[in-house]
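Under the heading compositional bias 'Low complexity', TrEMBL lists 1-14. Marked as compositional bias 'Basic and acidic residues' by TrEMBL: 19-35, 45-81. Annotated domain 'Splicing factor cactin central' per TrEMBL: 109-311, in sequence order. Under the heading domain 'Splicing factor Cactin C-terminal', TrEMBL lists 467-586. Marked as region 'Disordered' by TrEMBL: 1-81.
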Amino acid sequence: MTQGSTTGSSSSRRIQNGGRDEHELPSAKRARTDEVLSESCDTGAGEKFRWKKKEVQEQRAGLSREEAERRDAERRAEAEREVERLAARREQRERARQQREEEELLRARQAEASVMADWVAKEDEFVLEQNKARAVIRVRDHRARPIDWFVVQLLWTEVPTPVSADEENSDDEGDELDDTLDIHMDEPVAFIRSLLPGELRELHSDVLTLVRLDKDAKRAAYWKDVLLVCDEQLRHCDAVQNDAQPERIDASIVADVDAMLADKSADQLLDLQTSVRAKLRSGEPLDVEYWEAMLKRIVVWRSAAKLRALHATVTQNRIAKLRLQQRREARRQQAFVAEQAHMQMHTHKGLEDVWDANEMEPAGRDISELLYEEQHLPRYTLEALRDKLRDARKQVLQQAFVSHVPAAWSMTPTVGIGASAGARAAEDGKTESVEDMLLRKEASRAMGVDEEVFDDDVRLVEQAYHWESKYEARKPRYFNRVHTGYEWNRYNQTHYDANNPPPKVVQGYKFHIFYPDLIDPFKAPTYRVQPDPDGPGETVLLRFSAGPPYEDVAFRIVQREWDYSFKRGFRSSFDRGILQLHCTCTYRERRRAPKD
């Protein structure tokens, strides 16, 4: 009954709402909520707030309403001004903080830039010093590039000369430039004119690099002079190659101008340059093209004159250095001779008491007992021999000292080079040949623990060469090594151990054949393996051929396959007159023959 009444009431509400549920009327619900909120709010929210208690106290204090409002207005104005002052101070502090941060950032950037500038300057200085050191080494080793000669000449201009007796008498070791005393240096302008176009371009690029690295004003002026002369020679070479005229004026006029300027000094050319520039600026009617070409030639010849003057200074410094070395060497030799004489004097004083010429002198012999040749020899007594020895020693002491100057390096090869690989032709008074130098350099390298000298070449059958009439055939020099070791195969592992190792076997070879004087240096030497008639099946012949003036040379090696991989050390190259062949023999495990 109750359930039915409830259902009926719900239906009646649904009918009163027009057949819709109350949950389906959100707009009406929101309107009711707004109405309730508006009733709960203060009705005087839009009016000015009045503090009635405060007004009562002010009336009791005798203040009128206008005065109270005026005081409140002043108080509000003062508060607003205080707020503005606080905002201004806050803004000022913010600007000051930003300014300090910007200044600190700027100082940090400046410090970092200064450090970077110092690093860059130190790096440039280091690179410059390395270039100088490399130039001296290359000149000393006779493999100099064009720029190296100018670097060494510039270094010779900066060599200090001894100004006091203590400095001259000091026995300090010389610097690296002393190794270049015996090397001839050409005059810079003549040297530049002797270069090929490719070498001139290389020199031009190297000079630009040094101009960028060298910050010294004097050295920078020197490099600019070299650059001017190099540019002029490059322009001349390009004009010759292109069959064109380097100057716009006639060639005969250029030749006359060059002949006139060639003998003038740098100061005279500077005066002439000043006068030509004044003539060009004067505005007078003249041949501008001619005088401009004349001015260019004067600038080039002035640079050439300064380079010639610098070369003269270099020559004087080298001569002074050489004389200083000779004087120091003379003083060292004199001190050595004096010390030896002093030691001999003390030795003779100690022997005076025991020396008796009559007892020590051998007894004379009858002249008839001597041979016919001995009878006609000059006869001297012991005193006469001693007097003669004293005179000879006095003559030696009175002679002027002549120091030994090392012989200049020569490219002339030594004739008759057929000695063994380990021998070195070192004859007094002869210069070392290129082959001897290369052989000594290779032989001086340390050998490994498992390496030993291998210089047993095989004598080949006599050959006839078509170029024998023009060039004398000779064997090349060589320095070879054989690498030996143990093979730990199954048999050796069974029958041997570390205390009782198996016999060593050949594991590889290193051949170094020297061909510095090939007639055709662009054709690389070759090698080939040939059968060995004396040891078939066990050894073969490794034959090297290079062409005139070198004969073929062959070596007997074991007959084993080679490992041509780079990781195993295989190398076959020909560079700077040296043929290098490094090979390693492969290892093969022996297998038992299959049983039937």
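One is the number of the first residue shown, and numbering goes on along the chain from there.
A Cβ is built for glycine as well, from the same backbone N, Cα and C atoms used for every other residue.
For the domain 'Splicing factor cactin central' (109-311), the predicted model reports an average pLDDT of 79.
Broken down with DSSP, the compositional bias 'Basic and acidic residues' (45-81) shows 26 helix, 0 strand, 11 coil.
Broken down by DSSP into helix, strand and coil, the domain 'Splicing factor Cactin C-terminal' (467-586) contains 9 helix, 53 strand, 58 coil.
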